Amino acid sequence: MVNYTSVTEFLILGFPEFPELQLPLFTLFSILYLMAVLGNLLVICIISADQHLHIPMYFFLANLSALDICSLSSIVPKTLAILLAKDYNISFLGCFLQMYCYTICVATEFALLTAMAYDRYIAICNPLHYLDIMNKRACAVLAAASWIVGILESLPHNIVVSQFPFCDSNVINHFFCEIAAVVKLSCSDTSIIQTMNYTLGSFIVLMPFLLTLTSYVFIISTILKIRSSEGKSKAFSTCSSHLTVILLAYGTMVGVYIHPGTMDTADPKKLPIAMYIVTLPLLNPLIYSLRSREIKVALKKAIMMTH
């Protein structure tokens with residue numbers, strides 16, 4: 001006989017293994033959160049205000065910045081409440097909303113990065129028809145499709161897990177309602193989730209990766225055909241920021257999440273996951289700001305106008 005219970009709320013442990021670091025972690029995450037949110041808001045404002053930045057690449061960047069703010073705000077405020085106020089409780093609905101928001105953001109980010117790779121492919125491999133192909137309607141469709149793909153791809157996971165019966169414990173050994181940590185609390189057969197992880201994971205991560213890789217194979221091939229070193233440098237500089245963000249996104253995802261026995265790990269990689277969630281949205285605007293001459297110019301204009 002299994003004692004099935006009707007769970008109405010969960011308790012999120014946070015970082016109990018570091019009792020002496022609760023305040024330092026709160027301070028660190030607060031600073032990184034504020035910097036990331038303000039940095040991405042600044043990028044959105046600059047792109048919106050400057051007519052010269054109303055081009056496809058920066059339209060997608062503004063979407064990416066909005067996505068990063070959503071991703072951070074779905075997790076970090078609750079984590080800060082746990083660290084500072086010991087507010088461990090979260091409702092059943094609140095937990096699954098947080099889980100759903102986070103999975104949407106992850107799936108949408110990879111879809112957006114793929115759309116940005118396609119934009120760079122057209123800009124470098126077919127520059128004469130770039131403005132005709134990447135018109136406002138095409139950009140709007142690609143951006144909307146990225147968000148819709150993220151919303152739809154994340155839905156099956158969350159619906160299935162929300163139907164699981166929970167017993168014995170409602171304590172989540174994590175700092176947010178991470179899907180693997182919640183699944184561990186179920187006393188039913190959870191093998192369907194592992195199957196879904198492999199199946200949907202291929203669409204969320206592998207498919208965008210292959211499409212992005214294909215785009216960059218054509219991009220690099222085209223750049224290598226350019227005879228002058230100056231032309232090669234100029235062509236590469238137009239996609240270097242996006243390539244850096246791609247490498248960071250996929251590299252950190254693989255390093256933090258893709259490892260054997262993710263669903264069965266007793267001690268989740270909470271600190272690396274926390275740093276992945278908080279620092280990646282902070283790095284995106286920094287990378288584009290440091291590498292993009294257009295954003296630097298627009299930022300200088302905005303600063304001069306305030307004086």
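Numbers run from 1 along the shown chain.
Positions of Cβ are set from backbone N, Cα and C atoms, glycine also.
Quick caveat, the model's predicted, so the values are computed rather than measured.
According to TrEMBL, the feature domain 'G-protein coupled receptors family 1 profile' maps to 39-288.
If you look up TrEMBL, you'll see 25-46 (among others) marked as transmembrane segment.
Residues or ranges marked as transmembrane segment by TrEMBL: 58-76 (among others). Here the transmembrane segment (58-76) has long-range neighbours at 29, 33, 36-37, 40-41, 43-44, 47-48, 98, 101-102, 105-106, 108-109, 112-113, 115-116, 119, 139, 142-143, 146-147, 175-176, 245, 277-278, 280-281, 284-285, 288, 294-295, meaning same-chain residues at least 6 beyond its ends whose C-beta is under 8 angstroms from one of its own.
Long-range contacts of the transmembrane segment (96-118) within the same chain, counting only residues at least 6 positions beyond its ends with a Cβ under 8 Å from a Cβ of the stretch, are 57, 60-61, 63-64, 67-68, 70-71, 74-75, 78, 90, 142-143, 145-147, 149-151, 153-155, 157-158, 161-162, 176-179, 182, 204-205, 208-209, 211-212, 215-216, 242, 245-246, 249. Per TrEMBL, transmembrane segment is recorded for 96-118 (among others).
Beyond its flanks by at least six residues, the transmembrane segment (138-155) meets 56, 59-60, 63, 100, 103-109, 111-112, 114-115, 118-119, 200, 203-204 of its own chain at Cβ-Cβ distances under 8 Å. Taken from TrEMBL, the feature transmembrane segment applies to 138-155 (among others).
Among the features that TrEMBL reports, transmembrane segment is placed at 203-224 (among others).
For 236-259 (among others), the entry in TrEMBL reads transmembrane segment.
Note on the transmembrane segment (271-290): residues 15, 29, 32-33, 35-36, 39-40, 42-43, 61, 64-65, 68-69, 71-72, 75-76, 79, 175, 178, 241, 244-245, 248-249, 252-253, 255-257, 296, 299 of its chain, located 6 or more positions outside it, place their CB under 8 angstroms from a CB of the stretch. Per TrEMBL, the feature transmembrane segment maps to 271-290 (among others).
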Quiz prompt | Segment confidence, the domain 'G-protein coupled receptors family 1 profile' (39-288), expressed as mean pLDDT | solution = 87
